[in-house]
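Visitor: Here's the feature list from Swiss-Prot:
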type: BINDING; residues: Lys32, Val66, Gln67, Ile68, Tyr69; note: NADP(+) binding site
type: BINDING; residues: Ile68; note: substrate binding site
Amino acid sequence: MDQHNNGVSTLVAGQFALPSHATFGLGDRVRKKSGAAWQGQVVGWYCTKLTPEGYAVESESHPGSVQIYPVAALERVA
């Protein structure tokens with residue numbers, strides 16, 4: 001992956017760091033804005049050609065269950 005073209009930070013301890021422009025950080029509480037309810041903590045991120053900024057969210061109601069969502073589908077929980 002070309003890290004210079006997609007805003008990804010440099011490799012840290014053999015793992016990718018969050019993008020420098022990330023909307024959410026690891027551990028942030030978020031929920032889906034609409035549709036089926038999902039609320040939890042950000043545990044990772046991903047990027048694809050169609051989703052340049054997406055997050056893996058572990059459910060607060062069902063620990064261990066993780067769903068991935070594009071940034072536009074999520075909002076921060078106070």
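Glycine is no exception: its Cβ is also placed from the backbone N, Cα and C atoms.
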Visitor: List the same-chain residues at least 6 positions away in sequence whose Cβ sits under 8 Å from the Cβ of Gln67 (NADP(+) binding site), in sequence order, or say none.
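Guide: Gln67 (NADP(+) binding site) has long-range Cβ partners Trp38, Ala56, Val57, Ser59.
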Visitor: Specify the count of other C-beta atoms within 10 Å of the C-beta of Tyr69 (NADP(+) binding site).
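Guide: I count 20 other Cβ atoms within 10 Å of it.
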Visitor: Specify all same-chain residues, apart from the site residues Lys32, Val66, Gln67, Ile68, Tyr69, whose Cβ lies within 8 angstroms of the center of the Cβ atoms of the NADP(+) site, ordered by sequence.
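Guide: The surrounding set, listed in chain order, is Trp38, Tyr55, Ala56, Val57, Ala73.
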Visitor: Can you count the other CB atoms that lie within 10 A of the CB of Val66 (NADP(+) binding site)?
Guide: 15
Visitor: Near Lys32 (NADP(+) binding site), which residues of its own chain have a C-beta under 8 A away, given they sit six or more steps off in sequence?
Guide: Trp38, Gln39, Tyr69, Ala73, Leu74
Visitor: Once near-sequence residues are set aside, which residues in the chain of Ile68 (NADP(+) binding site), 6 or more away, have Cβ atoms under 8 Å from its Cβ?
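Guide: Residues satisfying the criterion: Tyr46, Gly54, Tyr55, Ala56, Val57.
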